[in-house]
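Dumping the structure here so I can ask a few things about it.
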Amino acid sequence: MSHPSKHLLAIEGLEPPHIADLLDLAESYALLNRSGKTQRDLLKGRTLINLFFEDSTRTRTSFELAGKRLGADVINMSVSTSSVNKGETLLDTASTLNAMQCDLLVIRHAQSGAPALLSQKVDAAVINAGDGTHEHPTQALLDALTIRRHKGRLEGLVVAICGDITHSRVARSNIHLLTTMGSRVRIVGPPTLIPADAARLGVEVFTDMKKGLEGADVVMMLRLQRERMSGGLVPSAREFFRFYGLDAEKLAVAKPDSIVMHPGPMNRGVEIDSAIADHPTRSVIGEQVEMGVACRMAVLDVLARRLPRNR
Ligand code: ASP
């Protein structure tokens, strides 16, 4: 099992074998989870702290479940009640975490780069659970695992990532992972929500949704991240849905067996029509959540193997 670092801060920089190893391990955890035999002693005696400075439902609970299924002591540090709200700096928080002998630290922060900064100051292995508009590496892993389970491969697939690309760390991590694994990635959205450095990312850019979806194997929808927008970058929600919302008519130009994904939280009727989000055969949104637990177990497993035995 190869992993190049003590931490998981980003997908950018990982090589195909690192990604493939994580996905293979996650696949074995997915099977184990389905069989109901999930409790293992791998992280017995280890402390995992979930430090979330931004809201989360799926990511925080799935890290908690993943840690518990592997036997770790899991602590959720709620930022609203911690000293961070009393003005403690990120670096003071780091010393507190060191004093608590935290082994694995899962962090989400509104500032891009906060997990990387913390990783230089804490003894724990740090996992980025989403930093600003930068990366959300475990989301990209769970998306890739879901795609691989449906399509049998990542190489050569046409993946259309649609909506608010500029503000999406999910898009960024997925672009790095999928292009590294040989998928053909398209980004689709209004010009105001396409990042300026799109060409450097090795993707094709489409502002016409139907052209962008033509022949796609995978359609990944993203939420409008209004909390990260400084001005009015989009017209009304109704107008956005008309041009960039996924409905049956637009999906009809993708491959007939294409799958529909969304990282959540979804805004039904804005970027995705309810009938598509709940489609019994095309939507794999529920499976993404299931694969999230498996992928986080794989990441915790791989990083725990590199931890010193007795601290
Ligand atoms: N849950 C994802 C994230 O934290 C996507 C989103 O919030 O729209 O980035």
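Any Cβ shown, glycine's included, is placed from N, Cα and C.
Pulled the feature table from TrEMBL, pasting it below:
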| type | residues | note |
| --- | --- | --- |
| DOMAIN | 6-148 | domain 'Aspartate/ornithine carbamoyltransferase carbamoyl-P binding' |
| BINDING | ARG58, THR59, ARG108, HIS136, GLN139, GLY264, PRO265 | carbamoyl phosphate binding site |
| BINDING | LYS86, ARG169, ARG223 | L-aspartate binding site |
| DOMAIN | 156-302 | domain 'Aspartate/ornithine carbamoyltransferase Asp/Orn-binding' |
Among the binding-site residues listed here, LYS86, ARG108, HIS136, ARG223, whose Cβ has the fewest other Cβ atoms inside 10 Å?
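Lowest Cβ count within 10 Å among the binding-site residues (LYS86, ARG108, HIS136, ARG223) is LYS86.
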Once the DSSP letters are reduced so that anything not helix or strand counts as coil, what is ARG108 (carbamoyl phosphate binding site)?
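The three-state answer is strand.
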Would you mind sorting out which binding-site residues among LYS86, ARG108, HIS136, ARG169, ARG223 put a C-beta under 6 angstroms from ligand 1?
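Checking each Cβ against ligand 1, the ones under 6 Å are HIS136, ARG169, ARG223.
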Restricting to the same chain and to sequence separations of six or more, state which residues have a Cβ under 8 Å from that of GLN139 (carbamoyl phosphate binding site).
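Sequence-distant Cβ neighbours: THR59, GLY130, ARG169, VAL170, SER173, ASN174, PRO263, GLY292.
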By the DSSP assignment reduced to helix, strand and coil, which category contains THR59 (carbamoyl phosphate binding site)?
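For THR59 (carbamoyl phosphate binding site) - judged by DSSP and reduced to three states - the answer is helix.
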When the pLDDT values for the domain 'Aspartate/ornithine carbamoyltransferase carbamoyl-P binding' (6-148) are averaged, what is the result?
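Looking only at the domain 'Aspartate/ornithine carbamoyltransferase carbamoyl-P binding' (6-148), pLDDT averages out to 92.
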Closest of the binding-site residues to ARG223 (L-aspartate binding site), Cα to Cα, picking from ARG58, HIS136, PRO265?
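Result: the closest of the binding-site residues to ARG223 (L-aspartate binding site) is PRO265.
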Round to a whole number and give the Cα-to-Cα distance in Å for the pair PRO265 (carbamoyl phosphate binding site) and LYS86 (L-aspartate binding site).
29
Including all protein chains displayed, how many Cβ atoms other than that of ARG58 (carbamoyl phosphate binding site) lie within 10 Å of its Cβ?
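ARG58 (carbamoyl phosphate binding site): 16 neighbouring Cβ atoms within 10 Å.
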Among all the protein chains here, how many other CB atoms are within 10 A of the CB of ARG169 (L-aspartate binding site)?
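A 10 Å sphere around the Cβ of ARG169 (L-aspartate binding site) contains 24 other Cβ atoms.
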Please report the number of other Cβ atoms within 10 Å of the Cβ of GLY264 (carbamoyl phosphate binding site).
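Here the count is 17.
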Near the carbamoyl phosphate site, what residues other than ARG58, THR59, ARG108, HIS136, GLN139, GLY264, PRO265 in the same chain have a C-beta no further than 8 Å from the centroid of the listed C-beta atoms?
SER56, THR57, ALA129, GLY130, VAL170, PRO263
If you measure every Cα to Cα distance among LYS86, ARG169, ARG223, the residues said to bind L-aspartate, what is the biggest one in Å?
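Taking every pair among LYS86, ARG169, ARG223, the longest Cα gap is 32 Å.
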